[in-house]
Amino acid sequence: MGSVGEKLDLESAEEIPFSSSHATNKIESPHFESAHMASPRSFYSSRVLRKMHQISSFRSIYFVIFRAKINVLLPFGPLAILLHYLTKRHEWVFFFSLVGITPLAERLGYATEQLAYYTGPTVGGLLNATFGNATEMIISLYALNNGMMRVVKQSLLGSILSNMLLVLGCAFFCGGIIHHQKVQVFSKATALVNSGLLLMAVMGLLFPAVLQFTHTEVHFGKSELALSRFSSCIMLVAYASYLFFQLKSQQNLYSSIDEGRENNAEASDEEEAPEITQWEAIGWLAILTVWISVLSGYLVDAIEGASDSMNLPLSFISVILLPIVGNAAEHASAIMFAMKDKLDITLGVAIGSSTQISMFVIPFCVVVGWFMGKPMDLNFQLFETATLFITVLVVAFMLQEGTSNYFKGLMLILCYLIVAASFFVHVDPSKEGE
């Protein structure tokens, strides 16, 4: 039996690729040898994993911070905080905060776009709209907490107008110039549903304004607020139903055109790949959102002083300047997707963002103000509500054919210039009241 056992041990030892001179030592201590052999391999693999993790982290930092040229504006954020504590120049604090938030909003759009690679086009468009609106929501909550209800209303209204006219117009214009030899198409079903939701939002904003303007309230000052809170709850239910309809019930309705293009654009799709991992994108979204929220506080604190110092109407700053910065993420994403002939994602970013602000962010601010004891309502005054109503009608007519070209984009941009000029000469009637 012993000779048989030794023979088996010698055979197993011969299978190990070492010299025969060490065979006896290996027979005597097989456990020591296996541990001795395994430890360098595990140590080497752990070192490789650590190095790969470090390389991935460095690549992520490079792609998010160093590669984008717009990040040369990042130092303006800390400078705004320093100026806030060292000087009383509100206009400089406002300007530096505004410039400092711009690259953060654009990088927020980039991180969302990277995350969208892992979620698909429908959820990706929703994520772009959601995190693209994070800047506006953070600024609005800070302003609401400070009792600046008109700033909240006008900045959110400006975001809707900017997305529908400026962002979509620039996307159509750039996409039309790049693809001038063919007609760009998008899903008419998506455009019609979004147009219907935007008209519903106009209806929710119109009735409180008309009620106040005609002085037909049952209880003066209370009926308008009660109607706004009830309508806000209804609008939130409608938006939740829309999300279910879009993501669960009618997925094929929203992805039909994109699926039809996949077979024709396999080569271009293979070239596109995410530059950072899914968890890195989520981490960057959290970091950028926190930094934007910090700068938004200083921006809101300086907005009224900046209006007086620069002799600019507060409504012009709230409706035009703030949304241009807040919509930097949507602006970059929408133009990029339009230039790649992916207009369904462009609509999801631009029109989807406007739908989300009008049907979710505005009612959400009303409900949050309700819990905070702030009289936030849906009365956006007659001038602002009429501007929104006409804008929704113009965009709905532009989208009804399901096609786009550079001329439609140019028309939307020119419409936005008219809106901007209107708010430059507009005096807010309720400025003194609030």
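Numbering starts at 1 and runs along the chain as displayed.
Glycine too: its Cβ is placed from the backbone N, Cα and C atoms.
As the structure is a computational prediction, the values presented were derived from the model and not from experiment.
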Checklist entry - For the record in TrEMBL, which of the ranges 1-20, 21-40, 261-280 is the region 'Disordered' one? => result 1-20
Item to check | Counts by DSSP class (helix H/G/I, strand E/B, coil) across the domain 'Sodium/calcium exchanger membrane region' (281-423) | outcome: 122 helix, 2 strand, 19 coil
Next on the checklist: When you look at the transmembrane segment (345-372) alongside the transmembrane segment (226-245), do they share 3+ Cβ pairs under 8 Å, ignoring any pair fewer than 6 residues apart in sequence?
Outcome noted: yes
Checklist entry - Counting Cβ pairs under 8 Å to the transmembrane segment (191-214), which of 60-86, 92-110, 312-338, 378-399 comes out on top? => result 378-399
Next on the checklist: Out of 92-110, 312-338, 345-372, 378-399, 406-427, what stretch is closest in contact terms to the transmembrane segment (60-86), meaning most Cβ pairs under 8 angstroms?
Outcome noted: 92-110
